[in-house]
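Annotated features in Swiss-Prot:
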BINDING   118, 119, 120, 121, 122, 123, 124  ATP binding site
MOD_RES   229  N6-carboxylysine
MOTIF     404-407  motif 'L-lysine recognition motif'
């Protein structure tokens with residue numbers, strides 16, 4: 001619960017409060033009102049709800065329906081004149097985050113917070129950290145793939161980083177469940193939309209950076225994307241940074257005055273020797289490690305998670321056990337066909353992650369390699385060109401373009417755009433299950449492989465803004481083994 005006096009105090013302290021307006025009268029203060037619920041969904045309203053009118057797509061009728069349901073107060077950037085008092089602020093997103101923190105009694109102060117950012121690898125690194133910390137602690141986790149608030153029960157996530165009202169509610173639930181740590185993926189969008197405004201992490205990890213999420217409804221430029229990624233470093237007490245990442249020199253200079261560790265290329269903490277499902281590390285994590293996820297980039301993710309968890313109370317033994325136990329739904333999942341051919345299912349959904357995935361597959365499989373790939377609609381349009389550029393460096397790979405969350409775009413048009421950037425003939429099979437069935441029928445020997453990229457463990461297709469039924473790549477592939 002929270003009183004209106006407490007709400008106004010939070011907003012004024014952040015210099016975000018403008019005024020309360022009610023029937024054309026202005027108020028600097030208000031008393032005698034208590035809220036027991038926060039919401040940004042006009043369908044989730046009680047008379048004692050404090051409602052936040054947010055988003056570019058917010059419509060007056062949403063607020064009118066909330067008033068009909070008994071709403072008495074709302075927070076907004078303008079007065080919608082619906083007959084109830086409006087708490088006006090300059091930035092609704094900042095207001096949501098800080099009011100949520102106060103409403104849930106600052107649950108972040110009762111947890112050790114670990115956050116990962118990067119163009120790729122956030123989910124894998126989060127799973128490594130979860131398995132490491134659960135050896136001796138009680139971690140909760142918010143990831144793109146799954147969320148757990150009790151360390152045992154997992155449910156699907158809707159956003160990489162939840163909206164602030166949901167985020168702090170989840171934190172409070174984790175605290176009530178006795179959790180000691182929280183592992184989060186923090187996207188650039190989370191900072192762009194201020195979902196984590198006012199939040200300081202104990203450890204922040206920057207895994208890598210490459211062009212992605214650049215488009216009309218995301219980041220206008222790479223510079224903007226890079227800047228919002230780096231905000232995690234500014235808002236973390238200690239940081240872990242990949243010395244092999246693009247623009248590392250800039251980032252290293254930026255964090256020079258912070259408590260930090262570097263890992264990877266030319267750093268103290270690096271993989272000394274690697275052989276498929278094991279590696280030897282030097283530096284703070286020196287020792288021999290077993291790992292289920294093949295590929296140098298997965299070993300780097302393990303190193304990043306290990307260094308972060310070392311700062312949060314994990315022992316080297318915890319780190320070794322956690323890394324060995326980690327598998328990730330939709331990340332480098334491998335099936336074997338009756339003829340011995342391999343099927344790799346992976347979430348690789350941008351040019352850089354696709355390149356890393358294909359490097360691993362071509363290193364291990366020396367026969368005919370096929371790839372099924374698509375691109376989502378209405379987001380990350382730059383990926384389509386990036387995919388083409390990557391595939392031009394693998395001329396031997398047989399490419400089938402298919403549907404991958406087309407949203408409000410025509411999947412055929414998306415596939416044709418990707419194909420326009422590939423300098424050889426490719427096939428387009430719009431039905432993703434048919435594409436998988438066709439490709440699997442063409443892998444004939446134990447050295448052959450099919451790579452199904454983009455959706456990972458997602459058991460849905462996004463069409464016209466809604467999730468529609470789709471069994472998922474791994475389940476479809478199992479049908480045709």
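Cβ coordinates come from backbone N, Cα and C, glycine included.
The DSSP breakdown of the motif 'L-lysine recognition motif' (404-407), given as helix, strand and coil counts, is 0 helix, 1 strand, 3 coil.
Annotated pair residue 118 (ATP binding site) and the residue listed as 'N6-carboxylysine', C-alpha to C-alpha distance, rounded: 7 Å.
The two recorded residues, residue 123 (ATP binding site) and residue 229 (N6-carboxylysine), have Cα atoms 16 Å apart. Counting only the Cα atoms, the space from residue 120 (ATP binding site) to residue 229 (N6-carboxylysine) is about 12 angstrom.
In the predicted model, the motif 'L-lysine recognition motif' (404-407) shows an average pLDDT of 97. Listed in sequence order, 207, 208, 297, 300, 301, 304, 353 are the same-chain residues at least 6 apart in sequence whose CB falls under 8 Å from the CB of residue 121 (ATP binding site). Taking the centroid of the Cβ atoms of 118, 119, 120, 121, 122, 123, 124 as the ATP site, the other same-chain residues with Cβ within 8 Å of it are 116, 125, 185, 207, 208, 301, 353. Taking Cβ-Cβ distances under 8 Å and a sequence gap of 6 or more within the same chain, the neighbours of residue 119 (ATP binding site) are 207, 208, 209, 210, 212, 350, 352, 353. Across the structure, residue 122 (ATP binding site) and residue 229 (N6-carboxylysine) place their CA atoms 12 angstrom apart.
Over all protein chains present, the Cβ of the residue listed as 'N6-carboxylysine' has 23 other Cβ atoms lying within 10 Å.
A coil conformation is recorded for residue 118 (ATP binding site) in the three-state DSSP classification, outside any helix or strand. Its own atom aside, the Cβ of residue 118 (ATP binding site) has 23 Cβ atoms within 10 angstroms in the protein chains shown. For the pair residue 229 (N6-carboxylysine) and residue 124 (ATP binding site), the C-alpha distance works out to 18 angstrom. When the neighbouring Cβ atoms lying within 10 Å are counted for each of the binding-site residues (123, 124), the highest count belongs to 124.
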